[in-house]
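Let me begin by presenting the structure, written as C-alpha cells, before commenting on it.
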Amino acid sequence: MHPSEMQRKAPPRRRRHRNRAPLTHKMNKMVTSEQMKLPSTKKAEPPTWAQLKKLTQLATKYLENTKVTQTPESMLLAALMIVSMVVSLPMPAGAAAANYTNWAYVPFPPLIRAVTWMDNPIEVYVNDSVWVHGPIDDRCPAKPEEEGMMINISIGYHYPPICLGRAPGCLMPAVQNWLVEVPTVSPISRFTYNMVSGMSLRPRVNYLQDFSYQRSLKFRPKGKPCPKEIPKESKNTEVLVWEECVANSVVILQNNEFGTIIDWAPRGQFYHNCSGQTQSCPSAQVSPAVDSDLTESLDKHKHKKLQSFYPWEWGEKGISTPRPKIISPVSGPEHPELWRLTVASHHIRIWSGNQTLETRDRKPFYTVDLNSSLTVPLQSCVKPPYMLVVGNIVIKPDSQTITCENCRLLTCIDSTFNWQHRILLVRAREGVWIPVSMDRPWEASPSIHILTEVLKGVLNRSKRFIFTLIAVIMGLIAVTAMAAVAGVALHSFVQSVNFVNDWQKNSTRLWNSQSSIDQKLANQINDLRQTVIWMGDRLMSLEHRFQLQCDWNTSDFCITPQIYNESEHHWDMVRRHLQGREDNLTLDISKLKEQIFEASKAHLNLVPGTEAIAGVADGLANLNPVTWVKTIGSTTIINLILILVCLFCLLLVCRCTQQLRRDSDHRERAMMTMVVLSKRKGGNVGKSKRDQIVTVSV
C-alpha cells in the first residue's frame, strides 16, 4: 500500500455496545449505606472556639504563603484541606488508654483573689471631684445589669487582706470632719467656718500605746507637714481644696492578730484651748459617739452647738485624706483609695457656722454654732480586673481563708450601702499552675507528631522497602509542609484538657468584656491609667508564655514539658494553690517554676523533633538492603556467587541494548529508502535491473 494512501485512510471506529445501560439507570441502582462503626469508634467532640480561631489563622497563613486571594471560598477550601489532613492521621493502638500528666500554666482563669495590704494601691474613681479628692469617672458602672450578682467564695490569702466593715480583720467606719475658715463679717464672731462631714476610717487610739516615740517616727512618711493654722477657704466657695499632708501624731486603725495598721493623716476635732487658763480646763476632744448609728449623725443632726467658758480650738489642721498602711507583721504601701470607697457609702454633709464670744457671769463664754442644709450624694467605683465582694465576710487567720455565702459582686458603692455588710476587695487571678492529663506524650511541634505517627505505622510492617519508601518520602514532603500550616489538631479526646480550655476560654471572654474601654473617651487619663494596669497583667502573662515551651495542641493555655509528680506535689497542695493559700506552697511553686523554665530552656536549645528524627532514622536503617546482604552473605563463596550473578545480569543488559541499537539502525535505513522512492518521478521505469538493485540497496 502506498504511504500516501495509508495517511488518507481514516482510523476504524469503535464498536458501540448495544447492551450498555444508561447512566441514569445505573445511578438509580446505587444504594447509600451508613458508614460502618466499630466498637472502638468514638464520637468526636465538636470543635472549640479556640480551635476554630486557630483554624482561621492557619487558613489565612496558608493562603498568604501560596499567594492566593483571600475570599470566603478560598478560606473555606483551605480550612477543609487542613481539617482533612489532620483527621486522616493514623491513631496508634493503645493511645486512648495511655495517660500523660504534665504541668500547665493557665493565664487569667475564672478565679479571684483578695487584694492584700502588700499590693499596690488600686484605682478608685468618684463621680464628683469637687468634694472628694481622686480621679473622676461618671460612667460607672460599665454594666449595670450585672451589678449585685450572687456568689459564694472560699479563697485563701498569704498577707492580710483589705476589708472594710464591722468585723474582725476589717477597718471600722466612722464619721470624720474637715474644717476651713472663711472671712468673718459679724462683729461678735471670732471665727466663721465651713465644715464637711463624711464617712471615713475609725481610729482605735490616737497614738501607738505599745510603740515608743522613736519607733513610731520610723514609719512616718515623707511629705509636707500639716499647717498650724486652719486652712482658708478658696476663692471658689463651692470647691473644697484637698492637700495631702502629714500630721504631728499617728493614729492606729487596727492592732490585733490580723496586723497593725496606722495612719498619719490629720484627724480634726474641736477641743478646749487651756493655755493661759488658771482654773481646771477640760482638754478632752469633742467627737461624735462612734458606737451609735453612723448614719444618724449625718441624717438627723442638722444643727451642732458647742458651748464652754474656754476657747474652742480645732486640732490637727489640714484638709487631707486618710492613707492607711500596714506596719506589722509586714510593712506595705499606703492605700489612700480605701477612703474613697468609705466616703461614698453615705452622702457627705456641708456645714456653715461661726464661733461667738459672749459674757456670762462676768466671764467670757464661747459658742460654736454650726448648721447644715446641704448634702451631696457620692459614688465610688473600681474597674476590672478589680471588684468588690459585699456581704457577711468571715476572715479566719488560723487557716488563712476568707469565706462568704450569698455575697454580691459589685463594682460601685453609693449612699444606699448598708454598713451591716462588709466590703472585700478582690481581683482576677493572673494565672495558676495545674496538672492536666493527655492521651499522648508532650510534643512541641505538630510536624514531628505527624512524622512519628506515619513512619511508626510504616516501620511496623514487613520490609517492602522499595515502593513503600518512595511512597513515604513523597508523602512526607506534603505532610510536613501542611503540618507547618496546620499547627494544631482540631479534635482532642482528653477531657481534662477540653475542660481547662473551656474553663479558661469563658473567663477570658468575661474579663475582656469587662475590660473594654470606651473609645470615645480613650484619651482620658483615667482610662489610660487603668489600661496600663490591665496591660501590665497581660505582659506578665506573655512573659511567662515566652519563657515556656508549650505543647502544640493548646493555644489558650500552655502545657509544659514538666511531668506532674504526685509524690512531690500532691493534690491538696494544688487545691491550696487554686484557693490562693500560699503559706507552705509558695516555695514549692517557686521551685516548680524554676524546674519548668529549665525544662523549657532545654527543649529550646535542642532542634525541634531531634528525638523523633533519631528514632525514625534508626527505623529507616532497617530498610537498607545492604544490611540484608550482610545477613545473607555471611561467607566468601556466597558473596562471590552474588557478584557473578550481578555481572551476568549486567552482561545480559548490555547485549540487549546492542541488539536494540542494531534493529533501530535497520529501521532508519528502510524508512530513508521509502522516502527516496516516493519522491522520484516515474519510479523505476527505463532503468536497468542492475540500477534498480543498486537503488534498493542504498
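Just so you know, glycine gets a Cβ as well, placed from its N, Cα and C.
Per Swiss-Prot, the feature compositional bias 'Basic residues' maps to 10-20.
Under the heading N-linked glycosylation site, Swiss-Prot lists Asn99 (among others), citing sequence analysis as support.
When secondary structure is read from DSSP and collapsed to three states, Asn127 (N-linked glycosylation site) falls in the coil class. Here Swiss-Prot flags Asn127 (among others) as N-linked glycosylation site, drawing on sequence analysis.
The Cβ of Asn152 (N-linked glycosylation site) has 10 other Cβ atoms within 10 Å, all protein chains considered. The secondary structure of Asn152 (N-linked glycosylation site), as reduced to three states from DSSP, is extended strand. The N-linked glycosylation site feature in Swiss-Prot is assigned to Asn152 (among others).
Cβ neighbours within 10 Å of Asn273 (N-linked glycosylation site), excluding its own Cβ and spanning all shown chains: 16. Marked as N-linked glycosylation site by Swiss-Prot on the basis of sequence analysis: Asn273 (among others).
Residues or ranges marked as N-linked glycosylation site in Swiss-Prot: Asn354 (among others).
The N-linked glycosylation site annotation in Swiss-Prot covers Asn371 (among others) and is backed by sequence analysis. Reduced to three states, the DSSP call for Asn371 (N-linked glycosylation site) is strand. Sequence-distant contacts (6 or more apart, same chain, Cβ under 8 Å) of Asn371 (N-linked glycosylation site) comprise Lys302, His303, Lys304, Trp351, Ser352, Gly353.
What Swiss-Prot records for Asn460 (among others) is N-linked glycosylation site, and it gives sequence analysis as the kind of evidence.
Per Swiss-Prot, N-linked glycosylation site is recorded for Asn506 (among others), and the stated evidence type is sequence analysis.
The annotation N-linked glycosylation site is assigned in Swiss-Prot to Asn553 (among others) on the grounds of sequence analysis.
With a cut-off of 8 Å between CB atoms and residues at least 6 apart in sequence, the same chain places nothing near Asn565 (N-linked glycosylation site). According to Swiss-Prot, the feature N-linked glycosylation site maps to Asn565 (among others).
Positions annotated as N-linked glycosylation site by Swiss-Prot, on the basis of sequence analysis: Asn584 (among others).
Annotated region 'Disordered' per Swiss-Prot: 1-25, in sequence order.
Per Swiss-Prot, the feature signal peptide maps to 1-88; the stated evidence is sequence analysis.
The topological domain 'Cytoplasmic' annotation in Swiss-Prot covers 653-698 and is backed by sequence analysis.
The transmembrane segment annotation in Swiss-Prot covers 632-652 and rests on sequence analysis.
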Which of the three DSSP-derived classes (helix, strand, coil) applies to Asn354 (N-linked glycosylation site)? strand
Quick one: Cα separation, Asn354 (N-linked glycosylation site) versus Asn127 (N-linked glycosylation site), in Å? 30
Residue pair Asn152 (N-linked glycosylation site), Asn273 (N-linked glycosylation site) - Cα distance, angstrom, rounded: 53
For the topological domain 'Cytoplasmic' (653-698), the mean pLDDT of the predicted model: 65
